[in-house]
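*Asks:* This is the structure, below, for whatever I ask next.
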């Protein structure tokens, strides 16, 4: 999918609150003699695209042909945006273009100074007319709302109505507790806090998540309903609730993660990618961005690199695994098998298994175990080779080799939450079923098996 997307260049229009993010890097190594405050010595300044402009930067970095429409003031920040973005900006005299100055010391943000005018723009009709003139050439529209006055109810409703009439998807990063102005959009991407405010729910735990995300879809006539859940991933409601689990990376700065998410979703929808796959990719993009400092864009090359982990490190002993699992409160999914010659059926089976929890552990029969179960001619591939093949898949989190004929001892030791087996176990005893909270049976892809592959090879000789 990444190779396909890397070759696309969809035309995407973005409207919203374009801002300037300024970073003042300082040395704060002493206390002022005048008051108990830090003395900040300025080392350098770094001016970046912020708000809707950061969504623009992300889309451009991904390879999209992006066009910006907005309203800025007749000031330095407005001029900076016009010089650095391809698009058209209406100038409202006397209006302050949003400018956020972050004071940074030792890679930590210690203070933020904002200059902005959050009153509703005076050029609504002109902006709508400009949009009507441009829209027909684009594959998707992004509304990036930071509540700075550009995306008024009138502007939002006009944009969504026009785009919908042309069958062009509209993706909205919303702000505030009233989402009614976004009614009819293709999707919204509120975070957990924003969704709670709009729904007036106390929490989104358990059944409340599905109830809430479905309510957003129905109340605001959305094609898809999405809630970003930070470290828990992205929740999607289409015909039913699905969770795209987050990708774990060290978090340095969450600034701009939401911008990267909506940029990837817009790029994917404009390129014809299925919505759940788009959510999975958006998670990977967010994981890359939060590992950086400040508002930063993401590219497909970075996402590819993110997925190229040292897969041998995913092969663990059961003792190592138990230590790692104790450190995280995650839903553990376990499955097992010989996986002698990995084929398409295995891939789809493991991919489905991963979606049922946060961490997927594959218990792998050792060479000695396979030989006892399958005969002297097996395995075809060694346990290390088989473990590396499984660990190379992004949806497999850990591989653990066991020497027994069944995984009972391993399951008893690790105590996973969910045990996965093939649908052929429907009327059979599942080893370890009494230890776990839940057993899930997954259908195999028809026509694929290691034995059939071996027979086919023998027949050709």
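Cβ from N, Cα, C; glycine included.
Grabbed the feature section from Swiss-Prot, which reads as follows:
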{"type": "REGION", "residues": "1-312", "note": "region 'Ribokinase'"}
{"type": "BINDING", "residues": "191, 192, 193, 194", "note": "ATP binding site"}
{"type": "ACT_SITE", "residues": "259", "note": "active site"}
{"type": "REGION", "residues": "334-461", "note": "region 'Cytidylyltransferase'"}
*Asks:* Hey, of the recorded positions listed (194, 259), which one tops the CB count within 10 A?
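*Replies:* Selected residue: 259.
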*Asks:* Per 10 Å Cβ neighbour count, which of the binding-site residues 192, 193 ranks highest?
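*Replies:* Answer returned by the neighbour count: 192.
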*Asks:* Counting distance between Cα atoms, which of the binding-site residues 191, 192, 193, 194 is nearest residue 259 (active site)?
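*Replies:* Closest recorded candidate to residue 259 (active site) by Cα: 191.
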*Asks:* Quick one: what's DSSP say for residue 191 (ATP binding site), helix, strand or coil?
*Replies:* strand
*Asks:* Specify the count of other C-beta atoms within 10 Å of the C-beta of residue 191 (ATP binding site).
*Replies:* 17
*Asks:* Hey, for the ATP site built from 191, 192, 193, 194, who else sits with CB inside 8 A of the CB center?
*Replies:* 190, 195, 196, 197, 227, 228
*Asks:* Would you mind giving the whole-number mean pLDDT across the region 'Cytidylyltransferase' (334-461)?
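*Replies:* On average, pLDDT over the region 'Cytidylyltransferase' (334-461) sits at 88.
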*Asks:* Going by DSSP, how much of the region 'Cytidylyltransferase' (334-461) is helix, how much is strand and how much is coil, in residues?
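*Replies:* Its residues divide into 49 helix, 26 strand, 53 coil.
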*Asks:* Give the helix, strand or coil assignment DSSP yields for residue 259 (active site).
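*Replies:* Its secondary structure by DSSP: helix.
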